Amino acid sequence: MITVRNNIALIQPGFSLMNFDGQIFFFGQKGWPKRSCPTGVFHFDIKQNHLKLKPAVFSKDSCYLPPLRYPATCTFQGSSESEKQQYIIHGGKTPNNELSDKIYVMSVVCKNNKKVTFRCTERDLVGDVPEARYGHSLDVVYSRGKSMGVLFGGRSYMPSSQRTTEKWNSVADCLPHVFLVDFEFGCATSYILPELQDGLSFHVSIARNDTVYILGGHSLANNIRPANLYRIRVDLPLGSPAINCTVLPGGISVSSAILTQTNNDEFVIVGGYQLENQKRMVCNIVSLEDNKIEIQEMETPDWTPDIKHSKIWFGSNMGNRSVFLGIPGDNKQIVSEAFYFYMLKCSEDDVHEDQRTFTNSQTSTEDPGDSTPFEDSEEFCFSAEANSFDGDDEFDTYNEDDEDDESETGYWITCCPTCDVDINTWVPFYSTELNKPAMIYCSHGDGHWVHAKCMDLAERTLIHLSEGSNKYYCNEHVEIARALQTPKRTIPLRKPPMKSLHKKGSGKILTPAKKSFLRRLFD
């Protein structure tokens, strides 16, 4: 059993885990990031059966990264030593249920005993840019010394022309096109393969050299989980890429399953669903050898009663032959945990060489999240300096108390009596806005945040205030600030002395002594 050292209420269906050289990092938190961890990325630290979330920091040149649920992620080997291992993130859902079409690249730029500093960069795409989506797959293939990303499947919102108020958040399968993405040059090309007729989402994908295998998945249009098994092979010659698809026998019917790698040629499929409300309790071993794929059932793990009776489950691959699973808590109890979490580890220490078993351990959290199926769960980030969290260990830990200060740090507050910013109807007003309204800090009293639009600030004024160090006062407090302001000290003007001028003519006035002297001089 794993004890929780601090609050992990941020874990929700759709999160992702990234494994950098054995260190695990959590991404895709519930809600928008808070000041305790503005990056939204946490070190998922499990030691001696204790779980602890520690904020991860971004380098100064990192870009904005929203907390995305159900994105497509994959590892990529960069060309330089500093980019030896990278994670590619595409698509996903933001806490506002907006879909992303961006590609982000995560890499480690600094690593020591206590801190890991990431660099997050956004890659722009040209060509056949994939539409915003979630529940899809992204893999990297290698051919003839080149590499290419293979993107397939997923769900997206219906076209704007078909969206109505009642069905505004209705989703549909993306077209079954295969996209080849060049991460180095940012080019994307779409391919239509006749073997792929229906859109799929929440399928399993496995990449090996120049080949990607697609297993299972859920077709939303037909509401089925077909026992699919496709082999997509990519050839990268000097000219245009060549891509072909083959339908293979021996597929399995599953969606939302978790894939973990046990060795170079072997993978294990855990969890998922075989029907709408029926979990798939069996696990499979997938073996890749000599360009062949073989799928076999393995010994069923000794699931706990809680797992057996739960209607939903979710999780992510931890790497190192481990899987992190979550199930809803028991709502029948007076004091109920929102979720119970398990760590399943594939063990190779058995007597029989070819047998694989799972061990699991349990933990609980206080997350009050919803209880919806994994693939149907509908659900900001500032870059931080590398030394933002230096210091004692207490700053490494996510602070539960910071979750209660939404009125101060949230973007969806009522900032003034005339505030009209609503999370459900908000649209960007300034060119600098993306997924949140621009805000500015009022220095009156203890200070508070206000929306720039509610203050009728022009964009040029807003940019000027953000670049300077002058204090700003909102419309409600600006007159008070002026009244309390100490008048500036004024230097009195020095008046020049008045000169005596002769009223007639412009000559100077002569004294009697000077008149007598001049008379004698001219005589």
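Each residue, glycine too, has its Cβ placed from N, Cα and C.
Here is what TrEMBL records for this protein:
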| type | residues | note |
| --- | --- | --- |
| REGION | 355-376 | region 'Disordered' |
| COMPBIAS | 357-366 | compositional bias 'Polar residues' |
| COMPBIAS | 367-376 | compositional bias 'Acidic residues' |
| DOMAIN | 410-487 | domain 'Recombination activating protein 2 PHD' |
| BINDING | Cys415, Cys419, Cys442, His448, His451, Cys454, Cys474, His477 | Zn(2+) binding site |
Notebook entry, point to check: Among all the protein chains here, how many other CB atoms are within 10 A of the CB of Cys454 (Zn(2+) binding site)?
Noted result: 20
Next item on the list: May I have the list of same-chain residues other than Cys415, Cys419, Cys442, His448, His451, Cys454, Cys474, His477 whose Cβ is within 8 Å of the Cβ centroid of the recorded Zn(2+) site, in sequence order?
Entry: Cys416, Ile440, Trp449, Val450, Met455, Asn475, Glu476
Notebook entry, point to check: Out of His448, His451, His477, which has the highest number of nearby Cβ atoms, where nearby means within 10 Å of its Cβ, if these are the binding-site residues?
Noted result: His451
Checklist line | Least Cβ-crowded entry, counting other Cβ within 10 Å, from the binding-site residues listed as Cys415, Cys419, Cys442, Cys474 | finding: Cys419
Notebook entry, point to check: Where DSSP helix means H, G or I and strand means E or B, what are the helix, strand and coil counts for the domain 'Recombination activating protein 2 PHD' (410-487)?
Noted result: 16 helix, 8 strand, 54 coil
